[in-house]
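Feature annotations, reproduced from TrEMBL:
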- 70-151: domain 'Cytochrome c-type protein NrfB-like' (DOMAIN)
- 175-217: domain 'Doubled CXXCH motif' (DOMAIN)
- 224-261: domain 'Doubled CXXCH motif' (DOMAIN)
- 75-103: region 'Disordered' (REGION)
- 1-27: signal peptide (SIGNAL)
Amino acid sequence: MSKQAGGIRKWMLALLAGAALIGHAYAAKDIVQVGDAVCTRCHDEGEAKPVLSIGQTRHGTMADKKAGTCTACHGESPTHVSKPSDVTERPKPTVNFGPKSSTPIEERNQVCLNCHQGGQRTHWQTGPHAAANLECTSCHKIHSSEDPVRDRQTQPDVCFSCHKEQRAQVMRPNHHPIPERKVVCVDCHNPHGSAGPKLMQRDSVVATCYTCHMEKRGPFVRSHQPVTEDCTICHTPHGSVNDNLLKQRAPFLCQQCHENQTHQQMVPNPEGAVSGAASFATKLIVGRGCLNCHTNIHGTNNPFDDTNSGRALRR
């Protein structure tokens with residue numbers, strides 16, 4: 001081989017090597033710019049778990065400027081796209097989701113939080129769901145046109161799949177109308193985190209309850225402390241075997257705070273009755289219905305109502 005031919009050969013090899021590098025760079029660029037087209041070469045409607053249904057959601061609506069490509073969530077995933085010849089199974093995308101995911105949960109959730117910021121997700125990082133290592137796709141269906149947790153008819157079922165104790169409570173005789181779907185979980189709770197306790201939508205339990213039960217809010221001339229402290233001191237909000245969602249029946253509930261020493265236990269004989277002839281029912285107060293006398297237990301605006309004085313309502 002002449003020196004000239006050898007030089008041409010080396011030049012051609014260098015050119016091919018450079019072209020390969022450029023081609024690889026353009027391939028990566030192609031994944032980013034037209035990633036959906038690259039992905040849909042394999043992912044189509046015939047799959048057992050079709051991904052193209054994402055086109056029917058806000059994530060895939062191209063008219064929505066916030067809609068991204070597949071790589072916006074899954075990363076460029078070059079080995080997944082090219083499938084190296086020395087492996088039998090195609091590698092997973094750079095960021096993959098689901099119970100068998102190899103991507104750390106924090107990284108998966110951050111993909112969602114890159115777009116879904118602020119507002120009701122401000123407290124996600126410090127919330128109990130994040131602490132329990134839940135990922136967004138534990139509750140949300142991303143590729144499906146129907147997201148059960150965002151549908152009021154199916155949302156409670158999604159929550160009850162983990163919160164089984166609350167599922168049992170709403171089946172009790174007295175309950176908030178959650179089974180009837182007149183009230184759903186997010187009416188009271190913010191699953192993404194809250195500044196208040198128990199993932200409340202407001203800063204406190206009472207503030208959340210007052211959203212619907214405004215007549216209990218007051219302010220009252222005579223007030224009952226639990227009404228301004230925490231409704232769950234007396235009530236079980238999801239459901240109870242007692243009327244009015246009470247934790248216990250009166251007087252047992254009342255006696256949790258109002259001990260016997262603070263109440264007159266005996267009533268005098270009725271006027272005109274023979275001494276000692278008063279019946280057991282007329283003599284005992286403790287053990288009887290507190291609401292027979294204390295009718296406005298949430299509070300009253302009657303300053304002359306002796307049965308609802310500050311003493312009678314104290315806790």
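Including glycine, each Cβ sits where the backbone N, Cα and C put it.
DSSP places the residues of the domain 'Doubled CXXCH motif' (224-261) in helix, strand and coil in these numbers: 16 helix, 4 strand, 18 coil. Under DSSP, residues within the region 'Disordered' (75-103) fall into helix, strand and coil as 5 helix, 0 strand, 24 coil. Residue counts for the domain 'Cytochrome c-type protein NrfB-like' (70-151) under DSSP, helix first, then strand, then coil, are 36 helix, 0 strand, 46 coil.
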